[in-house]
Amino acid sequence: MASVSQVLKRNFSSSRAMAGAIKHVTVIGGGLMGSGIAQVSAAAGQKVCLVETNDKLLEGANSRIHESLKRVAKKVYKEKPAEGDKFVEQTMSRISGATDASEAVKNTDLVVEAIVENMAIKQKLFATLDAVAPKHTIFASNTSSLSITEIASQCQRKDRFGGLHFFNPVPVMKLLEVVRTNDTSDDTFKKMMEWGQEVGKTCITCKDTPGFVVNRLLVPMLAEAVRMLERGDASPRDIDTAMKLGAGHPMGPIELADYVGHDTTKFILDGWHEKMPENPLFNPLDTLNKLVSEGKLGMKTGEGFYSYKKK
(Lines of atoms letter the chains of each structure in order from A and count residues from 1; the text may use other names and numbers.)
(Lines give C-alpha, C1' and ligand atoms only; values in the text may rest on other atoms or scores of the structure.)
Protein backbone atom coordinates (compact mmCIF):
# COMPACT_ATOMS: atom_id res chain seq x y z
CA MET A 1 0.00 0.00 0.00
CA ALA A 2 1.29 3.45 -0.92
CA SER A 3 2.24 5.81 1.87
CA VAL A 4 0.45 9.11 2.42
CA SER A 5 3.52 10.91 1.13
CA GLN A 6 3.57 8.82 -2.06
CA VAL A 7 -0.12 9.48 -2.69
CA LEU A 8 0.33 13.23 -2.15
CA LYS A 9 3.31 13.32 -4.47
CA ARG A 10 1.32 11.50 -7.13
CA ASN A 11 -1.56 13.94 -6.82
CA PHE A 12 0.38 17.17 -6.49
CA SER A 13 3.54 16.59 -8.54
CA SER A 14 4.24 19.44 -10.90
CA SER A 15 5.51 16.95 -13.47
CA ARG A 16 2.15 15.18 -13.67
CA ALA A 17 1.33 14.32 -17.28
CA MET A 18 -1.72 16.08 -18.66
CA ALA A 19 -3.32 13.73 -21.14
CA GLY A 20 -6.88 14.91 -20.65
CA ALA A 21 -8.94 17.13 -22.90
CA ILE A 22 -9.08 19.90 -20.29
CA LYS A 23 -5.81 21.82 -20.12
CA HIS A 24 -6.98 25.36 -19.32
CA VAL A 25 -9.35 26.07 -16.44
CA THR A 26 -11.04 29.32 -15.48
CA VAL A 27 -12.23 29.52 -11.87
CA ILE A 28 -14.78 32.23 -11.11
CA GLY A 29 -14.52 33.30 -7.47
CA GLY A 30 -11.38 33.40 -5.35
CA GLY A 31 -12.79 32.55 -1.93
CA LEU A 32 -11.85 29.45 0.04
CA MET A 33 -13.44 27.09 -2.47
CA GLY A 34 -12.37 28.90 -5.63
CA SER A 35 -8.77 29.35 -4.53
CA GLY A 36 -8.64 25.69 -3.52
CA ILE A 37 -9.96 24.58 -6.90
CA ALA A 38 -7.42 26.81 -8.64
CA GLN A 39 -4.65 25.32 -6.49
CA VAL A 40 -5.36 21.66 -7.23
CA SER A 41 -5.82 22.40 -10.93
CA ALA A 42 -2.48 24.21 -11.18
CA ALA A 43 -0.74 21.55 -9.08
CA ALA A 44 -1.96 18.96 -11.60
CA GLY A 45 -0.19 20.84 -14.39
CA GLN A 46 -3.07 22.84 -15.84
CA LYS A 47 -3.10 26.52 -16.75
CA VAL A 48 -5.53 28.33 -14.46
CA CYS A 49 -7.11 31.75 -14.63
CA LEU A 50 -8.63 32.84 -11.34
CA VAL A 51 -11.30 35.54 -11.63
CA GLU A 52 -12.29 37.96 -8.89
CA THR A 53 -14.10 41.29 -8.82
CA ASN A 54 -11.03 43.39 -7.98
CA ASP A 55 -7.25 43.22 -7.65
CA LYS A 56 -7.29 43.24 -3.84
CA LEU A 57 -9.40 40.09 -3.73
CA LEU A 58 -7.11 38.48 -6.31
CA GLU A 59 -4.09 39.27 -4.15
CA GLY A 60 -5.78 37.69 -1.16
CA ALA A 61 -6.63 34.55 -3.12
CA ASN A 62 -3.08 34.23 -4.47
CA SER A 63 -1.70 34.65 -0.96
CA ARG A 64 -3.97 31.86 0.34
CA ILE A 65 -2.90 29.56 -2.48
CA HIS A 66 0.79 30.32 -1.91
CA GLU A 67 0.58 29.61 1.82
CA SER A 68 -1.39 26.41 1.21
CA LEU A 69 1.14 25.20 -1.34
CA LYS A 70 3.98 25.85 1.10
CA ARG A 71 2.21 23.64 3.65
CA VAL A 72 1.82 20.90 1.04
CA ALA A 73 5.48 21.18 0.03
CA LYS A 74 6.65 21.07 3.64
CA LYS A 75 4.75 17.82 4.15
CA VAL A 76 5.47 16.10 0.85
CA TYR A 77 9.05 17.28 0.28
CA LYS A 78 10.18 17.53 3.91
CA GLU A 79 13.47 15.76 3.12
CA LYS A 80 14.00 17.68 -0.13
CA PRO A 81 13.10 21.33 0.58
CA ALA A 82 14.61 22.54 -2.71
CA GLU A 83 12.17 20.32 -4.63
CA GLY A 84 9.39 21.68 -2.47
CA ASP A 85 10.33 25.24 -3.34
CA LYS A 86 10.37 24.30 -7.04
CA PHE A 87 6.94 22.68 -6.73
CA VAL A 88 5.49 25.84 -5.18
CA GLU A 89 7.11 28.12 -7.75
CA GLN A 90 6.03 26.04 -10.74
CA THR A 91 2.47 25.66 -9.47
CA MET A 92 2.10 29.38 -8.83
CA SER A 93 3.48 30.14 -12.31
CA ARG A 94 0.50 28.35 -13.85
CA ILE A 95 -2.02 30.63 -12.11
CA SER A 96 -2.97 33.96 -13.60
CA GLY A 97 -5.58 36.42 -12.37
CA ALA A 98 -8.30 38.47 -14.03
CA THR A 99 -11.12 40.80 -13.06
CA ASP A 100 -13.05 40.48 -16.34
CA ALA A 101 -14.76 37.09 -16.50
CA SER A 102 -15.87 37.53 -20.12
CA GLU A 103 -12.29 38.02 -21.28
CA ALA A 104 -10.97 35.24 -19.04
CA VAL A 105 -13.13 32.51 -20.61
CA LYS A 106 -12.32 33.20 -24.27
CA ASN A 107 -9.58 30.55 -24.44
CA THR A 108 -10.58 28.10 -21.74
CA ASP A 109 -11.66 24.47 -21.75
CA LEU A 110 -13.53 24.47 -18.43
CA VAL A 111 -15.22 27.14 -16.35
CA VAL A 112 -15.80 26.32 -12.68
CA GLU A 113 -18.00 28.79 -10.83
CA ALA A 114 -17.49 29.17 -7.07
CA ILE A 115 -19.33 32.37 -6.19
CA VAL A 116 -22.13 33.29 -3.79
CA GLU A 117 -24.97 30.76 -3.45
CA ASN A 118 -27.54 32.91 -5.20
CA MET A 119 -29.47 31.46 -8.13
CA ALA A 120 -30.12 34.74 -9.96
CA ILE A 121 -26.46 35.81 -9.73
CA LYS A 122 -25.22 32.44 -10.98
CA GLN A 123 -27.71 32.43 -13.87
CA LYS A 124 -26.71 35.93 -14.92
CA LEU A 125 -23.01 35.03 -14.80
CA PHE A 126 -23.37 31.91 -16.93
CA ALA A 127 -25.71 33.62 -19.43
CA THR A 128 -23.04 36.29 -19.95
CA LEU A 129 -20.21 33.76 -20.29
CA ASP A 130 -22.26 31.56 -22.62
CA ALA A 131 -22.22 34.31 -25.23
CA VAL A 132 -18.42 34.62 -25.32
CA ALA A 133 -16.87 31.28 -24.34
CA PRO A 134 -15.73 28.87 -27.08
CA LYS A 135 -18.29 26.28 -28.15
CA HIS A 136 -16.25 23.40 -26.70
CA THR A 137 -15.95 24.99 -23.24
CA ILE A 138 -17.63 23.08 -20.43
CA PHE A 139 -19.44 25.03 -17.72
CA ALA A 140 -19.67 23.73 -14.15
CA SER A 141 -20.93 25.03 -10.83
CA ASN A 142 -19.45 24.21 -7.44
CA THR A 143 -22.81 24.84 -5.75
CA SER A 144 -23.50 22.66 -2.73
CA SER A 145 -27.29 22.92 -2.71
CA LEU A 146 -28.75 24.68 -5.76
CA SER A 147 -30.14 22.93 -8.83
CA ILE A 148 -27.59 22.58 -11.64
CA THR A 149 -30.43 22.35 -14.17
CA GLU A 150 -31.87 25.64 -12.94
CA ILE A 151 -28.47 27.36 -12.96
CA ALA A 152 -27.94 26.20 -16.56
CA SER A 153 -31.42 27.21 -17.71
CA GLN A 154 -30.27 30.56 -19.17
CA CYS A 155 -27.52 28.96 -21.27
CA GLN A 156 -27.55 27.47 -24.74
CA ARG A 157 -24.89 24.86 -23.92
CA LYS A 158 -27.01 22.72 -21.58
CA ASP A 159 -25.29 19.60 -22.93
CA ARG A 160 -21.94 21.05 -21.82
CA PHE A 161 -23.03 21.94 -18.30
CA GLY A 162 -22.67 19.98 -15.07
CA GLY A 163 -21.84 20.17 -11.39
CA LEU A 164 -18.38 19.81 -9.84
CA HIS A 165 -18.94 19.92 -6.09
CA PHE A 166 -15.69 20.05 -4.12
CA PHE A 167 -15.36 19.95 -0.35
CA ASN A 168 -13.56 22.29 2.03
CA PRO A 169 -10.58 22.43 2.29
CA VAL A 170 -10.26 21.52 -1.39
CA PRO A 171 -6.54 20.56 -1.37
CA VAL A 172 -7.17 18.11 1.48
CA MET A 173 -10.63 16.64 0.92
CA LYS A 174 -10.46 13.80 -1.60
CA LEU A 175 -14.07 13.67 -2.75
CA LEU A 176 -15.56 15.32 -5.84
CA GLU A 177 -19.26 14.96 -6.63
CA VAL A 178 -19.71 15.06 -10.41
CA VAL A 179 -23.30 16.01 -11.12
CA ARG A 180 -25.02 15.44 -14.43
CA THR A 181 -28.37 16.84 -15.45
CA ASN A 182 -30.77 15.26 -17.92
CA ASP A 183 -29.15 17.45 -20.57
CA THR A 184 -25.48 16.76 -19.77
CA SER A 185 -23.97 14.84 -22.68
CA ASP A 186 -22.01 11.63 -22.22
CA ASP A 187 -18.91 13.35 -23.62
CA THR A 188 -19.19 16.24 -21.13
CA PHE A 189 -19.71 13.87 -18.23
CA LYS A 190 -16.72 11.75 -19.29
CA LYS A 191 -14.48 14.82 -19.53
CA MET A 192 -15.58 16.09 -16.10
CA MET A 193 -14.88 12.70 -14.52
CA GLU A 194 -11.46 12.47 -16.16
CA TRP A 195 -10.61 16.01 -15.09
CA GLY A 196 -11.62 15.29 -11.51
CA GLN A 197 -9.30 12.30 -11.43
CA GLU A 198 -6.49 14.36 -12.97
CA VAL A 199 -6.68 16.88 -10.12
CA GLY A 200 -6.33 14.03 -7.63
CA LYS A 201 -9.93 13.52 -6.51
CA THR A 202 -12.01 10.41 -6.00
CA CYS A 203 -15.03 11.10 -8.17
CA ILE A 204 -18.57 9.90 -7.62
CA THR A 205 -21.50 10.67 -9.86
CA CYS A 206 -24.92 11.86 -8.86
CA LYS A 207 -28.09 13.04 -10.53
CA ASP A 208 -29.14 16.66 -10.10
CA THR A 209 -30.98 16.07 -6.83
CA PRO A 210 -31.08 18.58 -3.91
CA GLY A 211 -27.81 18.42 -1.97
CA PHE A 212 -26.44 15.71 -4.27
CA VAL A 213 -25.17 12.84 -2.06
CA VAL A 214 -23.21 14.26 0.86
CA ASN A 215 -25.32 17.27 1.79
CA ARG A 216 -28.59 15.44 1.21
CA LEU A 217 -27.53 13.01 3.93
CA LEU A 218 -25.48 15.40 6.08
CA VAL A 219 -27.76 18.44 6.46
CA PRO A 220 -30.83 16.47 7.66
CA MET A 221 -28.57 14.71 10.19
CA LEU A 222 -27.32 18.05 11.51
CA ALA A 223 -30.91 19.31 11.66
CA GLU A 224 -32.09 16.25 13.57
CA ALA A 225 -29.27 16.69 16.08
CA VAL A 226 -30.46 20.26 16.67
CA ARG A 227 -34.03 19.00 17.10
CA MET A 228 -32.78 16.59 19.77
CA LEU A 229 -31.31 19.59 21.58
CA GLU A 230 -34.57 21.51 21.24
CA ARG A 231 -36.51 18.60 22.74
CA GLY A 232 -34.00 18.25 25.57
CA ASP A 233 -33.21 14.65 24.60
CA ALA A 234 -29.46 14.99 25.19
CA SER A 235 -26.74 17.61 25.64
CA PRO A 236 -24.56 18.81 22.74
CA ARG A 237 -21.53 17.04 24.17
CA ASP A 238 -23.38 13.75 24.64
CA ILE A 239 -24.83 13.85 21.13
CA ASP A 240 -21.36 14.40 19.71
CA THR A 241 -19.78 11.70 21.87
CA ALA A 242 -22.51 9.24 20.89
CA MET A 243 -21.92 9.67 17.17
CA LYS A 244 -18.13 9.62 17.49
CA LEU A 245 -17.94 6.51 19.65
CA GLY A 246 -21.12 4.77 18.51
CA ALA A 247 -21.03 5.46 14.78
CA GLY A 248 -17.32 6.07 14.23
CA HIS A 249 -17.76 9.66 13.02
CA PRO A 250 -14.61 11.80 13.36
CA MET A 251 -16.76 14.76 14.48
CA GLY A 252 -20.13 14.82 16.19
CA PRO A 253 -23.06 16.53 14.42
CA ILE A 254 -23.12 19.54 16.77
CA GLU A 255 -19.37 20.07 16.36
CA LEU A 256 -19.77 19.66 12.61
CA ALA A 257 -22.63 22.16 12.50
CA ASP A 258 -20.34 24.69 14.20
CA TYR A 259 -17.57 23.88 11.71
CA VAL A 260 -19.81 24.17 8.63
CA GLY A 261 -21.35 27.44 9.80
CA HIS A 262 -24.96 27.93 10.89
CA ASP A 263 -25.62 30.51 8.20
CA THR A 264 -24.67 27.92 5.57
CA THR A 265 -26.87 25.21 7.07
CA LYS A 266 -29.77 27.62 7.47
CA PHE A 267 -29.43 28.76 3.86
CA ILE A 268 -29.55 25.18 2.60
CA LEU A 269 -32.48 24.18 4.81
CA ASP A 270 -34.47 27.29 3.94
CA GLY A 271 -33.95 26.71 0.22
CA TRP A 272 -35.01 23.09 0.40
CA HIS A 273 -38.01 23.93 2.60
CA GLU A 274 -39.16 26.51 0.08
CA LYS A 275 -39.03 23.97 -2.74
CA MET A 276 -40.24 20.95 -0.73
CA PRO A 277 -42.41 22.28 2.13
CA GLU A 278 -44.06 18.88 2.56
CA ASN A 279 -40.78 17.25 3.68
CA PRO A 280 -40.44 17.55 7.50
CA LEU A 281 -36.67 16.94 7.28
CA PHE A 282 -36.30 20.44 5.87
CA ASN A 283 -38.45 22.33 8.36
CA PRO A 284 -36.82 25.51 9.75
CA LEU A 285 -35.08 25.30 13.12
CA ASP A 286 -35.82 27.93 15.77
CA THR A 287 -32.48 27.36 17.50
CA LEU A 288 -30.54 27.72 14.26
CA ASN A 289 -32.43 30.88 13.31
CA LYS A 290 -31.68 32.37 16.74
CA LEU A 291 -27.95 31.62 16.50
CA VAL A 292 -27.74 33.19 13.04
CA SER A 293 -29.67 36.30 14.14
CA GLU A 294 -27.23 36.71 17.04
CA GLY A 295 -24.22 36.33 14.76
CA LYS A 296 -23.15 33.09 16.44
CA LEU A 297 -22.31 31.20 13.28
CA GLY A 298 -19.91 28.64 14.75
CA MET A 299 -16.14 28.38 14.62
CA LYS A 300 -15.72 31.23 12.14
CA THR A 301 -17.24 33.75 14.59
CA GLY A 302 -15.84 32.15 17.75
CA GLU A 303 -19.16 30.89 19.05
CA GLY A 304 -22.01 28.63 18.01
CA PHE A 305 -23.28 25.74 20.07
CA TYR A 306 -19.80 25.74 21.60
CA SER A 307 -17.48 28.63 22.38
CA TYR A 308 -14.17 28.85 20.52
CA LYS A 309 -13.01 32.09 22.07
CA LYS A 310 -9.55 32.03 23.59
CA LYS A 311 -9.64 32.41 27.34
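Just so it is clear, glycine is given a Cβ too, placed from its N, Cα and C backbone atoms.
Whatever TrEMBL says is automated annotation, not expert-curated.
What TrEMBL records for this protein:
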BINDING   S68, K75, S144  CoA binding site
DOMAIN    24-209  domain '3-hydroxyacyl-CoA dehydrogenase NAD binding'
DOMAIN    211-308  domain '3-hydroxyacyl-CoA dehydrogenase C-terminal'
SITE      H165  site 'Important for catalytic activity'
Residues S68, K75, S144 binding CoA per the record - widest CA separation, whole Å: 29
Cβ-Cβ distance under 8 Å to H165 (site 'Important for catalytic activity'), same chain, at least six residues away: N142, T143, S144, L176, E177, V179, F212, V214
Cβ-based isolation winner (fewest other Cβ atoms within 10 Å) among the binding-site residues S68, S144: S68
CB contacts for K75 (CoA binding site) [other CB atoms within 10 A, all chains]: 13
Mean of the pLDDT scores, which run from 0 to 100, over the domain '3-hydroxyacyl-CoA dehydrogenase NAD binding' (24-209): 97
